[in-house]
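Annotated transmembrane segment per Swiss-Prot: 4-24, 305-325, 339-359, 368-388, in sequence order, evidence recorded as sequence analysis. Positions annotated as N-linked glycosylation site by Swiss-Prot, on the basis of sequence analysis: N29, N88, N222, N458.
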Amino acid sequence: MLSILGWFWAFVSAFVLRYLRTIVNCISNWTYRPIPIPDNPTYGPQDVTIILPTIAQGGEELEGTLRTCLRTEPYEIILVTIDANVKNLTLLAKKINSKKIRVLSVREANKRRQMCRAIPEVSTRITIFVDDDVIWPVKLLPWILAPFENPQMGGVGTSQRRVRPEKMNAWVFLNMGYLERRNWDCSACLHIDGGLPCLSGRTAAYRTSILQDDAFTHGFTNETWRTMQLNADDDNFITRWLYSHNWKIGMQYHKEAEVLTTLEAGPKYLSQCLRWVRSNWRSNIKSMFVERHYWYTQLWTTYSCLQTTITAWALPWDAFLFYSLHKASTDWSDDSRKMAFTLLFLWIFGFTKNVKLWGHYFRYPVDVIYIPVHIAFGYFHGLIKFWGLVTLSETTWGSRDGADSSELNRIRMMPLPPYGSTTPDGRKSETFEYMQEMPLIDQLPAYDTHDRHPPLSNMTSTITTTTPFHD
């Protein structure tokens, strides 16, 4: 058994390990400033192509996304859908602006395949991936393009918020709180060491040269998870690729760059959380234990965000803090113990569990009534997180109609054939072919840092593969 002094140091150690990141990130978030728009920008709207992968057949939400994107006057929007939806989306494109919107398709719905169908078609210097349920502000493009004045900048994201409905409820508040915390974490970590957990696919801009690189395409279409090919988690892969290839990532946390979106305002939100949790487990485990460069290139982000996937369990931590304080204060006076427990209670439930939402409460003071819901859901989320851990091989969407057919789930994660196997590769698609010949220099794991390869015309050594390259 620990002595009273031992319990005291156990309490102090747990407190520092859990809350050092909160204190430092508060300072970082409060002092963060977005990159300003230059007086004479190198990049403009005509340098931007928007790629919008979707399985929607149309509808007000998709139409609204297209219209708000067009207001920013990009060079082109490429809608990538499945063959069955081409007719409907072509009619929608003609209805909105047939000169600016192009419709492409693949046979089977899968976001990575749809993205790879469109990427070679891009002729502009910047490509922006957009989800089909977002609303862009009019001045988004100047803000999201500003960081690219730095030639080392490979990708840029923006702040995001949920559309606030006329009638609020607890589910909507949880939606809004999730995005608010995400903005807070990303801006804080980027300000310290340039890292962030993931560049969100809702809206993210990239240099087209990165996406059109053959090594990127090979890595993007051959990512694996254990013995399976992984076709989900596309935004996580691109984020890790940028960092592993020495590109910088930026985030424009500014009202004029704020993208609005919708999330499930009901029990389906739990399915969204489960999907995000699985993605976090898979990507953060790869970052820390497979790619590993994060430990020295973004040490703070690794401590503050990545490792919390493994270590941050709210209920056990909070219970241990109160218990260790109880054991450490057994010889204190009653008044001192009451004061210590009161301060700890206020610190945990008054400050640390709400500080990331201060901006939200400032905008909507009435939402303070949902603080108990927010705290309770934080504890419940531990169960979601645990279930995500034990079901990592599942890739169900859970919250979108038509997204979880047996065929779509098969495509998102498929078994790899054994090395040397002559069994036909179940990953093949009639409309999406994986590269059969790959330049030798490209046969690198997606996480290896290497210089961008020279033009393929300069290479004569090729290797023929029958199975995807993977560790």
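Each Cβ is built from the backbone N, Cα and C atoms, and glycine gets one as well.
Source: prediction; values computed, not measured.
For the pair N222 (N-linked glycosylation site) and N88 (N-linked glycosylation site), the Cα-Cα distance reads 31 Å. Looking at N29 (N-linked glycosylation site) and N88 (N-linked glycosylation site), their Cα atoms lie 44 Å from each other. N29 (N-linked glycosylation site) carries a helical DSSP state (H, G or I). Proximity of N88 (N-linked glycosylation site) to non-local residues of its own chain (separation of 6 or more, Cβ distance below 8 Å) is seen for Q57, G58, given in sequence order. Same-chain neighbours of the transmembrane segment (305-325): 7, 10-11, 14-15, 18, 21, 185, 189, 195-197, 280-281, 284-285, 287-288, 294, 340-341, 344, 348, 378-379, 381-382, 385, counting only residues six or more beyond its ends whose CB sits under 8 Å from a CB of the stretch. With a 10 A radius on its CB, N222 (N-linked glycosylation site) counts 21 other CB atoms from all the protein chains.
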